Amino acid sequence: MKPTAEILTDILAEVRPLIGQGKVADYIPALAKVPNNKLAIAVYTNEGEVIKAGDADESFSIQSISKALSLTLAMCLYKQEEIWARVGKEPSGQAFNSLIQLEMEQGIPRNPFINAGAIVVADLLQSRLSAPRQRLLEFVRQLSGDTHIVYDKVVAASEMMHGDRNAAIAYLMRSFGNFENEVIPVLQNYFHACALKMSCVDLAKTFSYLANKGTSVQTGKPVVSPTQTKQLNALLATCGLYDGAGEFAYRVGMPGKSGVGGGIIAVVPGEMTIAVWSPELDASGNSLAGTKALELLSERIGRSIF
């Protein structure tokens with residue numbers, strides 16, 4: 001069965017009672033102010049059709065979803081061995097901002113989707129690009145077809161002000177020799193990437209290359225190779241949802257990436273990209289109602305990579 005607006009609307013009605021059972025991220029003050037009753041879903045098919053329900057055109061802070069975009073950009077700039085010499089490809093089994101594992105593993109982060117790994121990717125981008133922040137913004141605007149996407153400067157400043165733990169992660173990696181640039185500019189770029197403001201429709205369009213062998217459905221142009229697409233989807237399936245990746249694979253069965261802003265993107269290779277948003281999070285930091293919505297969609301349309 002193909003997704004329809006009616007199916008999406010029904011799913012949102014079914015998950016709405018979950019609102020109130022999760023917790024909006026409050027360690028970033030600007031995120032704590034987001035109304036907890038927001039709920040959205042958007043599907044972008046490989047034929048270029050948008051199907052949506054709820055607050056699907058409203059922008060929100062994508063947070064860690066941006067880590068998949070930064071890694072994609074790094075894969076366009078570096079040979080794969082240059083990236084994987086500095087960051088691993090394994091699930092962490094620890095909190096996304098853990099210092100303990102990083103210390104034990106000599107400053108090499110487990111994967112590019114935990115904070116330490118994404119900070120290494122930001123360092124890689126800083127080494128190759130004269131203006132990495134602007135380049136990432138242009139990249140996202142191009143892939144989404146939305147020239148109005150911006151960084152939320154209030155969120156970025158809020159993250160920088162409350163980002164001591166991320167600074168500790170960066171300095172710890174530098175002490176192990178796994179850092180090339182000055183820490184503060186790299187962190188500023190990292191925080192800005194997390195502060196990208198996008199809607200579910202924007203996100204579904206932006207990530208369409210992951211469902212289409214590396215070619216953006218929105219632009220018709222290649223972003224990465226089919227092999228790199230397979231690699232990105234594999235990492236998303238195993239590491240994309242913090243310490244809840246196994247649970248997500250079990251329930252939803254699609255490669256995905258979440259953010260503490262309450263967004264999740266999910267990929268059905270060869271068919272479609274999906275984005276959901278509900279700000280309340282579960283214990284792993286993933287959208288509570290958003291995960292349930294994806295689980296229901298997977299069941300209704302009979303799609304899973306497993």
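Placement of Cβ uses the backbone N, Cα and C atoms for every residue, glycine included.
Database features, via Swiss-Prot:
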type	residues	note
BINDING	S64, N115, E159, N166, Y190, Y242, V260	substrate binding site
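Recorded features from Swiss-Prot, shown on the structure.
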| residue | record | contacts (Cβ under 8 Å, 6+ apart) |
| --- | --- | --- |
| S64 | substrate binding site | F96, F113, A118, C194, Y242, K257, S258, G259, V260 |
| N115 | substrate binding site | F96, N97, R165, N166, I169 |
| E159 | substrate binding site | I28, F191, C194, A195 |
| Y190 | substrate binding site | A118, I119, A122, N166 |
For substrate, whose listed binding residues are S64, N115, E159, N166, Y190, Y242, V260, the greatest C-alpha pairwise distance in Å:
19
Around the C-beta of Y242 (substrate binding site), how many further C-beta atoms are within 10 angstroms, looking at every protein chain?
26
Within 10 angstroms of the C-beta of N166 (substrate binding site), what count of other C-beta atoms is obtained when all protein chains are considered?
21
V260 (substrate binding site): tally of other CB atoms within 10 A of its CB:
24
